[in-house]
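One structure below.
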Amino acid sequence: MEKEEQTIAKESKPWADEKGMVLEPPKAAPTPSWFTPKRLLFIFCVINLINYLDRGAIASNGVNGSERTCNKSGSCTPGTGIQGQFNLSNFEDGVISSAFMVGLLVASPIFAMLAKSVNPFRLIGVGLSVWTIGVIGSAASWNFWSITIARMLVGVGEASFISLAAPFIDDNAPAAQKTAWLGIFYMCIPTGYAIGYIYGGLVGDHFNWRYAFWGEAILMFPFVVLGFIMKPLQLKGFAPAESKKAVTQVETSASEDTEVEIGNGGAASMKEDFGDKLYKPAKVKGAIKTSNQFVRFMKDMKVLMLDKVYVTNVLGYVAYNFVLGAYSYWGPKAGKNIYNMSNADMIFGGITVVCGILGTITGGFVLDFMTNTIPNAFKLLSMTTFIGAAFCFGAFCFKSMYLFLAFFAIGEFLVFATQGPVNFVCLHCVNPSLRPLSMAMCTVATHLFGDVPSSPLVGVLQDHIHNWRETALILTSILFPAAGIWFIGVFLNSVDRFNEESEHEANRTPLLESKTAERKESTAQS
């Protein structure tokens, strides 16, 4: 009879214990964001397209233009585009095209470290705001230095997105399709470039080069607003930014080894509850916070540098980007000189776009089909790069232009298949809290030692041997060491750390709607 009364009491009071005592009902799951994983992927892909559309646009003939030319009789033809309006030399024109890289390389690690104390999604919003200001500045520029500074701001804005977008996608992609989703995201790079060439040419030729930048700002503005007005998403491995306790943990974690222990009693509890206000004046606390963040950055960098899997992956990617960077800059000129192509720009651009899209997506799906693990990623990286290098090398050996185009297209298709796997390794070989820094430093390394120096070095080589076929063969041969470096990664002791407990893992809230639904379901079952 007593058991029946307890059962009735429990049924009438659903949040009651066995004795009928009313308990505090569990907190309802937070209202889900309107984002779903597929919407997030779509929006990030569009943002990535706009980023690379800008790079293609400023390199297009319609926006970049040409310098003023004069004949022997003294009559001059005015220049066009940016170069013509500001009367820039080829060197100055080259500086403008690559100025964004300065902001990108400097800001990438900064945004990665700020993600530990500021909500990462909000940081993307800040970065997109700076990017928009940069392209508006490009449109309103009046001389060489003003547009150079504006392009640097574009790089700063892009840095936040490059460092943080891939971890968000990796968090929300289905477990069996993670590399495919990354492949779709990175497919936007060659696609954006191609659209940028067309967009810049059309706008620059029919209106004015400045309108191209105004158009980019208009395209990006809705995503800037979205980054600030919607409820911020959380990133795996990071505590919610609004959690005061989490911020205190971030501030003090780097100096845990040097602080005096005060025990596990009331003093430690008080320090946690009051955010250390009773122990340090505001100015001293700010200085210590900055110092701790720097110390933490150095510790995180040491972890990355000592991770053999990460270093091996990045070294292979540096060699790979060295070749592709020079291909993108010198490829049309080499093709024109070797095979007398009348429209080398269109041919090389078309091959790169088609093979880039198909290869990038295919590489992601193949790794998922193999089962997306780090050893499998290294196997795919080394195999596709080696075979792709063989086809590209063989292509430049043919005297027939048609055989060259056929072999080169197959080679580029295989070489582009690396994009998904290489970024999968960067994201999964480190602790979740290190993923933004992992992506940032990979970007810095591949640009600093890869595609940035490759173009001038290949130019020096060509000036020395005066043979584009030999220069192209020497350049292409660097892909073989890249394949060898990635092959070493197959034998390394690799651990997928995606589900590894991080310092803030216990505080992490669900990211998107699907995860919130899972939490609601588990709450209902309990």
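Quick reminder: no glycine exception, Cβ is built from N, Cα and C everywhere.
TrEMBL annotations: computationally assigned, not manually curated.
The shown structure was predicted, so the numbers you read here are calculated from the model rather than taken from an experiment.
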TrEMBL annotation (region 'Disordered') - matching range among 1-23, 231-253, 254-276: 1-23
Candidate ranges 388-408, 472-492 [criterion: TrEMBL lists as transmembrane segment]: 472-492
Range annotated as transmembrane segment - as stated in TrEMBL, picked from 35-58, 347-370: 347-370
Candidate ranges 121-142, 143-164 [criterion: TrEMBL lists as transmembrane segment]: 121-142
Mean of the pLDDT scores, which run from 0 to 100, over the domain 'Major facilitator superfamily (MFS) profile' (40-496): 81
